[in-house]
Ligand code: SAM
């Protein structure tokens, strides 16, 4: 069984990139009234605690969402609109998280709208001034679909524990048939739903890449999906790490999109060096995930400008040392 649990990583810099992009894509797609189908092929547990044992162990949110929040101190409402969640990760009494307000860089005069939207959305899951709950992709998607009766959300999660937690969290939304939790392989499970009856869909593919075969499976899934349904919007998150499969993935996705003559966008965010370091005792220190990317096929035309502004600020405020970088490129 897989050992990856997203609760260790919730709110890290990769989630900042992925969830900012997801929100921007959905904001655009929900402007039309026509029914929308959203598929989350690797959904996770849905809600996470930033003050729980998992998040505390890794401290990743402190270098991601919480660091950004501290730098940009959103002025928007933090009224708690979320249902009482069953977030993953046991509650702990103190937080190692960054405290809002503490930052070295000056707050910019204007926060990029897509980044502000992301910060406001996460804040809406918490009581004013509190930063304990972090929404995963299923809840971010639901947040945008909740006023739209005809939309449908399908959530695939293969891990029994996470699927159970996700099911319990989703049950509290009383969303009826509009949301389905499927404890099955998302790479395979997507096939039976494409093309969707309304011919409007977003597919988020966010594997853990815990096993090497996830890389080719992403490419295979998308190759099949665009044949079944060429006009869907497809968003893949991927890690940027020094291993050949990871390096090849965005290149293979570009080749696929170009071959099918479909528009694409590739956005990356780097916050630190990928080189091994050493601690004071001379022991090797692994840097953790230094960078990641999102590749979108059939992106909204507004996405490039929105992400360029957002990632410029995210790179500035999430950088560890001098290794900040972002890139947003597009084709077709
Ligand atoms: N998309 C989530 C979010 O943004 O909040 C995070 C998902 S996490 C990166 C990846 C999840 O995929 C894990 O919970 C893992 O158990 C699950 N998973 C791994 N292989 C899978 C598969 N073949 N099908 C469905 N889920 C899978």
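For all residues, glycine too, the Cβ spot is worked out from N, Cα and C.
Feature annotation from TrEMBL assigns site 'Interaction with substrate rRNA' to 4. Sequence-distant neighbours of residue 4 (site 'Interaction with substrate rRNA') (same chain, 6+ residues apart, CB-CB distance under 8 A): 159, 208, 210.
Every protein chain shown contributes to the tally, and the Cβ of residue 137 (S-adenosyl-L-methionine binding site) ends up with 24 other Cβ atoms within 10 Å. Positions annotated as S-adenosyl-L-methionine binding site by TrEMBL: 19, 42, 137, 157, 185, 186, 206.
The region 'Disordered' annotation in TrEMBL covers 78-105.
Around the Cβ of residue 206 (S-adenosyl-L-methionine binding site), the number of neighbouring Cβ atoms within 10 Å comes to 24. Annotated active site, proton acceptor per TrEMBL: 206, in sequence order.
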Relative to the Cβ position of residue 19 (S-adenosyl-L-methionine binding site), how many further Cβ atoms are located within 10 Å?
22
S-adenosyl-L-methionine binding residues 19, 42, 137, 157, 185, 186, 206: largest Cα-Cα distance, in Å and rounded to whole number
22
Which is it, of 157, 185: the one of these binding-site residues whose Cβ has the most other Cβ atoms within 10 Å?
157
